[in-house]
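Down below is the structure, laid out as structure tokens.
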Amino acid sequence: MEDLFIWLISFFILIALIVLIVYQLMCLADLEFDYINPYDSSSRINKVVLPEFILQGFLCFLYLSSGHWVMSLLCAPYLYYNVRLYTRKQHLVDVTEIFNLLHREKKQRLFKLAYLVVLLFFAVFWMIWSAIEDADD
Amino acid sequence: MGTENPGRPNFPMRPSSTPFASALPTMTPFSSRGPMVGSEASNIRPIPPGAPPTMTPFSSAGSSPPTRFSDPSVPSPPITSVPSAGGPFQQYPTPPFPSTVQTTPTRAPPVGQPPFQPPANQISAPPVSFRPQSQVPPVPMVSAPQTVNFPPSSLNVPQPPSESLFSGPRPNFQPTLPPPDLSYSTTKSTFQPPFPAYPSKQPAVSQVPSPFPAQQGSFMPPPPASSSPFSSQQGSYVPPPPIAAPLGYQSRDQMQHPGSAPPIGGIQTLTEDFSSLSLASMPGSIEPGLDYRTLPRPLDGDVEPSSFVEMYPMNCDPRYLRLTTSAIPNSQSLVSRWHLPLGAVVCPLAEAPEGEEVPVINFASTGIIRCRRCRTYVNPYVTFTDAGRKWRCNICSLLNDVPGEYFANLDATGRRIDLDQRPELIKGSVEFVAPTEYMVRPPMPPLYFFLIDVSISAVRSGMIEVVAQTVRSCLDELPGFPRTQIGFITFDSTIHFYNMKSSLMQPQMMVVSDLDDIFVPLPDDLLVNLSESRNVVETFLDSLPSMFQDNVNVESAFGPALKAAFMVMSQLGGKLLIFQNTLPSLGVGRLKLRGDDLRVYGTDKEHILRLPEDPFYKQMAADLTKYQIGVNVYAFSDKYTDIASLGTLAKYTGGQVYYYPSFQSGIHGEKLRHELARDLTRETAWEAVMRIRCGKGIRFTSYHGNFMLRSTDLLALPAVDCDKAYAMQLSLEETLLTTQTVYFQVALLYTASCGERRIRVHTAAAAIVTDLGEMYRQADTGAIVSLFCRLAIEKTLTNKLDDARNSLQVRIVKALREYRNLYAVQHRLGARMIYPESLKFLCLYGLALSKSVPLKGGYADAQLDERCAAGFTMMALPVKKLLKLLYPSLIRIDESLLKPSAQADDFKNIMKRLPLVAESLDSRGLYIYDDGFRFIIWFGRMLSPDIAGNLLGPDFAAELSRVTLHQHDNEMSRRLMGMLKKLRESDPSYYQLSYLVRQGEQPREGLLLLVNLLEDQMGGTSGYVDWIMQIHRQVQQNA
């Protein structure tokens, strides 16, 4: 039962992360097609970058503390990447160079998105699995 | 040859002209030949009048052609022989030749000015008379080619063999060569027979082919020229290119329908239109390799490519827009083989010489005519149809309606009858007065705001005094009277605001010391109208130096002061001039000493030193741009001031960085005075945005320079002036372009100082080609180097210096290798290094670039601040100025100072530039080294004391670092000062301070001058010869 609860939480966290990433991607796409100016775009993106990082860190920690170390391991590369960006102070988009970096920023977020979707798939799988097991008991 | 042909048919018009154009520089046979020989060879040794050597190759070559080609290839030799003899042309025994001779002069000139101006030499003399001054007479052309083309067409085949003979084993000197007469006769004899045969061939060959052969002839020779001067003479002779092309461009209509021109097909071109250097060792010399004296050098400065304007006479002048190649590739695959940057360098407000100002047009009621879809402005390349009721956009080819007020009938040729009253339809550069739709707010007044450091080091250096005096003296000349606004803030550890209300007698100073929460003490009156508050402003400037003369504050609250200035200015925008002397140490944006940790250099963290340390500066720069504030930074510190961070402010606001290391008003005052005055008084465009549009299928993808992008293709430029240029690269969106011409349009929307909103529009057309060779022929070294420079500097911000230099070198090598591959199959290249005539200086500029301040060496070679400041400066320099900086001029002046009657009017003759090698310096001479930013005056050790005494006055024996140059009361000194003044006037954007140095004065001489002789080998960097060898080796690897 406890397991199912943890999978449920991680499911919602993952959904939230995907929403944050999609939001950032939308801001970048809007910028590319000139619907918003770089100032708004970068301030909107920068507002959600830290929440995303923290949420992801929390997810990783949640898996670890609940004993799902395989999932935790799967989250680790993402976490490592985020930490690296943060320590190099590259996590925020730079309004002055945003157009030159647009391509890279988009690609980076698309990778993150794909990664999260895979994680989500695992989480859903385990959630159903533990639900069935619970029912069996 | 194969490579040429495919491209040709598509562009009936151009093809014929282009080869021509590109060929020209070398070609203008008579005029250019002189220079070639003169500048390169003649220095080396006098060429005997008979110039026998030329012949040898031929006699030897002569034997081979017949056997190999069974063609009357020999005719060319005779031709070549003549020039070398320097004799009259009548010598020609056969009729065709005289005709060639005549054609040549008329033809050649229009297209290309020979890149070398002949330094009046023995050999150049005869040719001079032939130098054509006139425009191409279209009429004679047809007949001319016929006579001409025959010899060349047959000639190109044999040439290569002879060529190889030249470059290789060929001895340098005459002795071994057979006497001229002999070769003459042999050549003649072989040569005559072909003629009878000629007529029969003629029809087949006629007209068209001729340009190519001609080109070839003229082209080839230069290469050998480098290996041995004699051979160069040989080639340059070949009859000039008969041009069919220019014909096509006579009228506008024709131009626009290139298809209507007679198609040219099946051209046999066996051209070798490249230049080459022979790198094989010469017999008789122990040293392998090439003679440094024969390498190409841009001693004439930057030569704008003429083909661009020639082909499309309605294009804007190259000073506004230069493409890296005026032949745009038609496919992705061609782009990927080009390897050099593909793009443009734009200087939208470049200063036009008297009489060529951009016309201002006011459409008033009509509104500005623009394409409905792509928003292109009306320009000379739009076509009017439907009896003048519609016009077709040249960029997106949409058919637009002509507004009623703008309607005019078309004449029989389809031109508007009012064409001559419509400058926008005949000129490539025009300026429209913009109506209110183009304003988001009323046009702003010119606004100057000064943020001045008054800490102790600023006071001690005397900077404040110079600034106050200069600003005061410029008050009358500030643009935009009577609307001009002005304001001041000074700062040390506190921030001082000045109330300059016009009703006050004296300015009121308000001090704010709360740095964490900056507020503006007065709602207005900190920024006042200059004409109303003139007295207060003058009083303030007069008292400013004395106000702080006893200040002992060592801190600098630069960040908070900047924020305060931003708050004051944010209502209007304008120009913010920052005078900064102490490393910011208080409040936001404080910086620390960086760069003294030697271990960082050479590691992956090295580039971080060249980036702003604190994100505050980037954020601030973005905000400043948003509110239309342009920043110019004047930095004066003798210690590290982190230009990398401060310069960011200028970089993203379209400004520039002036750096005066260890400023002392006594020494550098004059420079600051001039440059500040120039900054304040030059015509400035306010709250500007710039966009460059181009035809369908291509797109500008990246922009390089000092500005901020507001959207993918819109450059925000809060304050822009004539000394700023911007570079951009383009890429193909479609895999294959089907049109024949592509158009570019630069539009700068700005507020003029007079308060009018205006749009400056520059339009240019360029041909689309299918042939890589053509792209190389039409390449523009200046634009390419300018883009390379910006790319390399940007690369230093994310990589090591080494990487930036290497990637530059790799690109040059790749480009030359690709070029070599174009010709490797058809010609025996052997060990020669080949390069397109248009890019002959590319290698040298590449070398210069990797030795320039932002890129050179490692830690010890330049101060970090100096490097960053030079980087910011070079990112904004227009092409000409950049090339001057990369390859400065070195001029010997002692002779002209001594000449009794020499007047200043033969200034041009005196200013003969020398190669930048130590050998150019004669210890009996006096030299000026001028890179556009400073003069270095070098006194030879054995210079007559008379000259030194006259120029320096009584202290001529003193150590020169303490001596400043000023006028003395004698003719010689006056003449020198006049000369310096002239040099400065030729480009007023920066002021060149004179540094004096005496030969052998160490380490000053080394630091100031010797290190700048970039062709010399210097502590680990390669010299010009080594560099060429190195590039050549790399080109040949896996070639």
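Cβ atoms here come from the backbone N, Cα and C positions, even for glycine.
Annotation comment: TrEMBL describes B:46-55 (among others) as compositional bias 'Pro residues'.
TrEMBL lists B:58-67 (among others) with the feature compositional bias 'Polar residues'.
Annotation source TrEMBL lists compositional bias 'Pro residues' at B:107-118 (among others).
Feature annotation from TrEMBL assigns compositional bias 'Polar residues' to B:147-165 (among others).
Annotation source TrEMBL lists compositional bias 'Polar residues' at B:183-192 (among others).
TrEMBL lists B:203-216 (among others) with the feature compositional bias 'Polar residues'.
Residues annotated as compositional bias 'Low complexity' in TrEMBL: B:227-236.
Within its own chain, the domain 'Zinc finger Sec23/Sec24-type' (B:368-406) has Cβ neighbours under 8 Å at 252, 256, 314, 414-416, 424-428, 430, 432, 434-435, 693-696, 743, 745, 747, 759, 761, 763, 765, counting only residues six or more beyond its boundaries. The annotation domain 'Zinc finger Sec23/Sec24-type' is assigned in TrEMBL to B:368-406.
According to TrEMBL, the domain 'Sec23/Sec24 trunk' annotation covers B:443-679.
Positions annotated as domain 'Sec23/Sec24 beta-sandwich' by TrEMBL: B:685-768.
Sequence annotations record features per position, and here TrEMBL assigns domain 'Sec23/Sec24 helical' to B:780-883.
Annotated domain 'Gelsolin-like' per TrEMBL: B:912-978, in sequence order.
Taken from TrEMBL, the feature region 'Disordered' applies to B:1-260.
Each residue of the domain 'Zinc finger Sec23/Sec24-type' (B:368-406) gets a DSSP state, and the totals for helix, strand and coil are 6 helix, 11 strand, 22 coil. Broken down by DSSP into helix, strand and coil, the domain 'Gelsolin-like' (B:912-978) contains 27 helix, 12 strand, 28 coil.
Across the domain 'Sec23/Sec24 beta-sandwich' (B:685-768), mean pLDDT in this model comes to 92.
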